[in-house]
Amino acid sequence: MKLSRRSFMKANAVAAAAAAAGLSVPGVARAVVGQQEAIKWDKAPCRFCGTGCGVLVGTQQGRVVACQGDPDAPVNRGLNCIKGYFLPKIMYGKDRLTQPLLRMKNGKYDKEGEFTPITWDQAFDVMEEKFKTALKEKGPESIGMFGSGQWTIWEGYAASKLFKAGFRSNNIDPNARHCMASAVVGFMRTFGMDEPMGCYDDIEQADAFVLWGANMAEMHPILWSRITNRRLSNQNVTVAVLSTYQHRSFELADNGIIFTPQSDLVILNYIANYIIQNNAINQDFFSKHVNLRKGATDIGYGLRPTHPLEKAAKNPGSDASEPMSFEDYKAFVAEYTLEKTAEMTGVPKDQLEQLAQLYADPNKKVISYWTMGFNQHTRGVWANNLVYNLHLLTGKISQPGCGPFSLTGQPSACGTAREVGTFAHRLPADMVVTNEKHRDICEKKWNIPSGTIPAKIGLHAVAQDRALKDGKLNVYWTMCTNNMQAGPNINEERMPGWRDPRNFIIVSDPYPTVSALAADLILPTAMWVEKEGAYGNAERRTQFWRQQVQAPGEAKSDLWQLVQFSRRFKTEEVWPEDLLAKKPELRGKTLYEVLYATPEVSKFPVSELAEDQLNDESRELGFYLQKGLFEEYAWFGRGHGHDLAPFDDYHKARGLRWPVVNGKETQWRYSEGNDPYVKAGEGYKFYGKPDGKAVIFALPFEPAAEAPDEEYDLWLSTGRVLEHWHTGSMTRRVPELHRAFPEAVLFIHPLDAKARDLRRGDKVKVVSRRGEVISIVETRGRNRPPQGLVYMPFFDAAQLVNKLTLDATDPLSKETDFKKCAVKLEKV
């Protein structure tokens, strides 16, 4: 190959960057460097985590052949993590699904049959029959959908409309229930609005970083690179890391803290006590912008009502609270002394004091980061509320360089699951189904009869499993998620319902995942840049991308599937007569006509697309579907502090952080001069609350739902590793990533292994009260648990660690605690 000087320099740059990242350059990328003229490049956000890195996607001859960090992307500034560099390969696994597959025997659907290729029409025929039968015989509560924080914004919006408005069922929930629900409820309780007030620009201005249950070095490596740069370039910057086991983020920590599982609640209250005792309250901020409330306690563990722990709870599921005085709050946290905290947590006193001093020092700008260690917690909402307390006591919030920041794990857990409102209780822009006014706003905008959207909260993720097992939920469609592997308590609460002959399970996915193979019908699905999309990341940044290639075979996007399936239903088949009587003009129309092909949605012509621009859905339907859905959805938040920019602006920009008012994005919410909703002279205004004040909650320590005992003598914590993402359904199909971490292992303290006659590399049976798996002993490596705790990642389909986990949830958020259950080990 003959290279120009420019191409030669680019080739060297690629090789150098790859070497610095510890990578070999994929052969296809090597070839690409010298063939720039043949490659078409376009922008997109990364397909993986909630950081929202920008990438440049290289396509050639209808395939994605290369990917590089986008130097113009403000999030990552041209840098990718190891997963981002291999994005092209996630799309071309050898087992990519290209046609619908139905379990059949003797030419007909059979629950025990073999997967057999069928057409899309045949697939929709079977689905139509199953949905209509369930709706007719048992009503809207017998059908459900499990969606995703990986849906595009308009896919989530279309799904929510179809179920909540079309089928009149709120039984739709996203997999973000398993990762971000506690953050959502925490934000709503404290501030009255969801999502962080700060942004990534805080990193370069902060004096201290505190990680609560967040291994950012592996789970948010690009943000970690920015924190590392800040720490190493300024000797006065401090990093504290709190976890139940030692991981890679500890390598940068000035104060690395290992605490007993569940006792983070104790540490949080101790710091609040320290702030008060040392007169470190920002009195001006506190007196003007904060209310105090005492929350209900002994609220249970989100288990089945028949479980002994639920029967014993005095206030199961209670979100109640009552006003309290400062003196009462001071007395409440005073119980969390240094001595008591050290005893309950196992953390040395000097480390606790160092941590508390960071928050108490008025000259230190502090950012608190957290992810699943806080959220996947039976008191996850409380943990979120308690960390907000520290920032509200000190006034370290809504200003550059300081604030509490909940990091998301999925690319659009914020933009789709939360902002669109695909949770069983939510509607767009923080509205909820239980509020009559909110339902009325949606019904009027959607031009459907008053009373169409049910007021009853639908089934959340874990409740869906239980309802399937109990035969109450009979038709279940999952999209863009692998919950059979990712959800808790597989043996007792999920697999029985999926394989129950009363139930029909549909899985839409690009690959034959554990979930797909447990289903009755598999729908082949387009992924990432095989469709036009939009994600919303952790810092409220909404990012768009164009369709850049076509999906293989007959694979179709989730949006196409939802919209085309809606054609199978007429209003009189899904709505009662009293609703139809309110809008007789809708009688005889299909849900496609009522929900999607409306004047509001269909008013943008396909001619707005460039002549050579791919957009399979819009060109098939004859109007710009994505733009119509987005503009209708964006209407709900404009003028209400959730303002999104016009559709076309996002295709021009590298994302914009809402609220976007008069073309300007917002970096810091709730503070004067930064937020357009805070007027001059107000200073701060937490306008999600009627009085503009945030809430400090008094909430105590309460124990975990399950803890080690004489028989099951170890804590088990589960999570991720750098090389793989969630269940590995994409990353394990990338040879380089698979080789880097080919199978899950059980990380264990060497002394715990020795006490059980186990050595590194031994096979071991990990047993809980719910199931067992075989894994490999690892006494070294990146994760170093303390004695009494073992850690196991969940990416490996051959080691389904969620056979072990308990389906205990936070009673307020309904989010599962994947970090704490009890296990024992048996040598194999």
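Positions of Cβ are set from backbone N, Cα and C atoms, glycine also.
What you are looking at is a predicted structure, and each value in this text was computed from that prediction instead of being measured.
Taken straight from Swiss-Prot:
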type: BINDING; residues: Cys46, Cys49, Cys53, Cys81; note: [4Fe-4S] cluster binding site
type: BINDING; residues: Lys83, Gln150, Asn175, Cys179, 212-219, 243-247, 262-264, Met372, Gln376, Asn482, 508-509, Lys531, Asp558, 718-727, Asn802, Lys819; note: Mo-bis(molybdopterin guanine dinucleotide) binding site
type: BINDING; residues: Phe794; note: substrate binding site
type: DOMAIN; residues: 39-95; note: domain '4Fe-4S Mo/W bis-MGD-type'
type: SIGNAL; residues: 1-36; note: signal peptide
Taking just the CA atoms, what is the gap between Cys53 ([4Fe-4S] cluster binding site) and Lys531 (Mo-bis(molybdopterin guanine dinucleotide) binding site) in Å?
18
By a 10 A CB contact count over all chains shown, which of the binding-site residues listed here is most packed: Lys83, Lys531, His726?
Lys531
For the [4Fe-4S] cluster site built from Cys46, Cys49, Cys53, Cys81, further residues of that chain with CB within 8 A of the site's CB center:
Phe48, Thr51, Gly52, Asn76, Asn80, Lys83, Gly84, Pro221, Ile222
Do you know offhand how many angstrom separate Cys46 ([4Fe-4S] cluster binding site) and Gln246 (Mo-bis(molybdopterin guanine dinucleotide) binding site) by C-alpha?
28
Greatest C-beta neighbour count within 10 angstroms, which of the binding-site residues Cys53, Met372:
Cys53
Taking the Cβ of Cys46 ([4Fe-4S] cluster binding site) as the centre, how many other Cβ atoms fall within a 10 Å radius?
28
With the cut-off set at 10 Å between Cβ atoms, which of these binding-site residues ends up with the most neighbours? Options: Cys49, Gly213, Val721.
Cys49
For Gln246 (Mo-bis(molybdopterin guanine dinucleotide) binding site), what is the tally of other C-beta atoms lying within 10 angstroms of its C-beta?
21
Rounded mean pLDDT for the residues that make up the domain '4Fe-4S Mo/W bis-MGD-type' (39-95):
97
Test of understanding: give the count of other CB atoms lying within 10 angstroms of the CB of Phe794 (substrate binding site).
22
Nonlocal residues around Glu218 (Mo-bis(molybdopterin guanine dinucleotide) binding site), in sequence order (Cβ under 8 Å, 6 or more apart):
His247, Arg248, Ser249, Arg720, Val721, Leu722, Arg782
